[in-house]
Number of protein chains: 2
Amino acid sequence: MPEILEQEDNQLRLQQINAAIDSGMFVYVRNLFQEMPAYDLALMLESSTSKTRLVLWQLIDPDMHGEVLEELNEEVRKSILKNMAPEKVAAVAEGMDIDDIAEVLRTLPDSVYQQVINTMDHQDRTRVEQALSYEEDTAGGIMNTDTITIRPDVTVDVVLRYLRLKGTLPESTDSFYVVDRNDLFIGSVSLSSIVTARAEVIISTLIDDDVTAVKADMPEADVAQLFEKYDWFSAPVIDENGRLVGRITIDDVIDIIREEAEHSLMSMAGLDDEADTFAPVVKSTQQRSVWLAVNLVTALMAVAVSSMFEGILSELAILAILNTLVPSMGGVAGNQTLTLVIRGIALGHIGDSNSRLILYKELAVGFLNGLIWSLVIAGVVVLWKQDISLGLVIAFAMMVNLTVAGASGVLIPILLKKMNIDPALAGSVILTTITDIVGIFAFLGTATWLLSP
Amino acid sequence: MPEILEQEDNQLRLQQINAAIDSGMFVYVRNLFQEMPAYDLALMLESSTSKTRLVLWQLIDPDMHGEVLEELNEEVRKSILKNMAPEKVAAVAEGMDIDDIAEVLRTLPDSVYQQVINTMDHQDRTRVEQALSYEEDTAGGIMNTDTITIRPDVTVDVVLRYLRLKGTLPESTDSFYVVDRNDLFIGSVSLSSIVTARAEVIISTLIDDDVTAVKADMPEADVAQLFEKYDWFSAPVIDENGRLVGRITIDDVIDIIREEAEHSLMSMAGLDDEADTFAPVVKSTQQRSVWLAVNLVTALMAVAVSSMFEGILSELAILAILNTLVPSMGGVAGNQTLTLVIRGIALGHIGDSNSRLILYKELAVGFLNGLIWSLVIAGVVVLWKQDISLGLVIAFAMMVNLTVAGASGVLIPILLKKMNIDPALAGSVILTTITDIVGIFAFLGTATWLLSP
């Protein structure tokens, strides 16, 4: 019976490796690394500080460097490439898939890029430059060029004999592409239909109607959606003239799906989705401070609004104490709606046809929640301070703010999307600014009107 | 040249369909639906309100119902199943994959479930009950049972002849599983190695060392990680005795990856990751109110802390005005760290071996950011109010709170994880409570000490 995989304890191994490096047992670590798949080595590098990372990198078998680079997240990969000589980068690139070499080269500074390209042999250079001619986030940018093509008029028997002669197939081949003499794409034939067909069957009769080609300039997010929609394992890529130029396999698509899903989470906290968990302190501080600066400006706007009510705040200290309550609840309620709508837009649930429906729905939810929490908070305040007018003031402000929060949670991301601004990045700040300002106005404004001594 | 796929405009079509339904053109919609893949139909249902959804469902060809149910998100699926008679559910289930039937049946109430099971024929019932015997979120729960098995001692020629006799292979077959007479799993042979081998080669020599079997009780998240790690397209599943029981294909794994990545985003806003975007208002209000209740409690704790400083707040209204600034910046900074750490834990970057490293790093980042924003905010306050002591007070509070925010952003998710509580769900509330309370204490406490008239 073969080895049965249990989820290895990456953390435990990391601990052992760190201990071994601390005591200088480099040979031990080098041997350990030789038995680990590239994915695990990449995980290990991503889980280390930038200093340890460079030591670990040196201990990885250079033959594995290419594969490990492929698996690394962008920021960590950059930090490693920065420390490599151009000839070394070129040497590593030799063993890599074309789409991955292109991805690596894209992250290099121009001068290093030229040096790397110059050290490559002619054939590699042409292939890489062709791959680089496509935009990064398109079908052309993620495709591989190692396709197997066949003519429509040959028989199954001819294909099988050709395959036996060839001996091996490109990784994850599940189908062959049928092209004419000019490389024009005709269709796709699955490996399984070839092995189940009789020997004399003509290839053109086996073409799979469900598989259509994607254009090289299609955005990668659309490619990923097609893969999910039709449960494809691979798809042919054609240029603007209908010529076959490569194929995309599902393992590349998985990376896109994961990155997209992570993007919203990270952006909503003002982080880059490729952020290096263990980036150096100064770099992290710089990256975070932009977001903190934006938030300081919005917080100061809230302060400016409060300061308009300095008079009543100095007369009634209880207003100062309760002043955070309404903005805080509005922020939470608004962020719930915002998150739902951002996900809805990303999944294709929300668009022009039903944006009004979701607005009505969230307005109603905001109003109902406003009603519930107005009553609760009014009850708390009346019991605590024995002051019915104060209870009324805060209840009214809460109603207004939660309703506004519901509307803003829908409108902000939809408007940002129309303006081509990423709602996940900017939505939360704008929303909080609105719920802060409306909350303070509603609370202190009503208080000035009803409670002024 | 075949049709070239561009991303269809789902929203445009939805608009047309809604218009058609409003004007009673049901036959038109029914015909339109017949040309749409299940994925698009599911998207359409998910993008509609619960009322329209039931009308649309009636217009979908019943033969497609099973496939559409497979694609729907859980909450929407439940809302549709609730309105179907048990016999209808049983009829729909007939055309579905075993793993999908099991998933659907799991969401049914017990009484309906029994009725559905009783209307199935014996063979289906046995297969479904076997699938249901595995936990929902394990390899056994997501596998299919339609594997092709071969004996180790036959030749490639025999296999090819057998496949031709069979005529078709189960969907997305990329390899066959080699088993002995007792169904004990021996290894996996890829379709591509069979077509490239000579006819007389013995199967046992073609076994792929890279593919190992997954145990039926392995959690699905671990299965997904193995697929990513080894770039598998499919994997065999075995029971505790090493017997082959099924196979998992990558299209099921993609769903798991997407759900996991969405989970953090939705949980951090207190939403269920299977939430229905267009759920009825009352249901949505209920779901949201739990989270708002939790936040009200934490906001009231902040209020209680502020009220301890009622004396100085009534003397210096400027403190009331500035009181939101320090908690707000702490909340934002803390949430950045929290999000980074939650992602780091999910990706396996952060664990016992390096939790101390990330704590030191985020403490340093928090301290540095505290320093920067202390200086900025002190500058603003001194220029605005010409009050150096006030500037000192708020600068000190900001330093303390941002440093605490950095530490909390690391410690809270790590501790929650150890207590088996989902950090994405509870982390943000606890963090905000801490940064609010520490922020208010630091600001008003220092103010009481330094500024009391």
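If you go along the chain as it appears here, the first residue is 1 and each next one adds 1.
Glycine is treated like the rest: Cβ placed from N, Cα and C.
It is B:428-451, from the ranges B:20-43, B:428-451, that TrEMBL records as transmembrane segment. Taken as a whole, the domain 'CBS' (B:143-205) shows an average pLDDT of 91 in this prediction.
Contact between the transmembrane segment (B:290-310) and the transmembrane segment (B:390-416) does not hold: fewer than three of their C-beta pairs are under 8 Å, each pair 6 or more apart in sequence. Long-range contacts of the transmembrane segment (B:316-342) within the same chain: residues 264, 268, 302, 306, 309, 350, 358, 362, 365-366, 369, 373, 377, 381, 385, 387, 390, 394, 397-398, 401-402, 404-406, 408-410, 412-414, 423-424, 427-428, 431-432, 434-436, 438-440, 442-444, 447, 451, 453, each at least 6 residues beyond the stretch ends and with a Cβ under 8 Å from a Cβ of the stretch. Counting residue by residue with DSSP, the domain 'CBS' (B:143-205) contains 20 helix, 17 strand, 26 coil.
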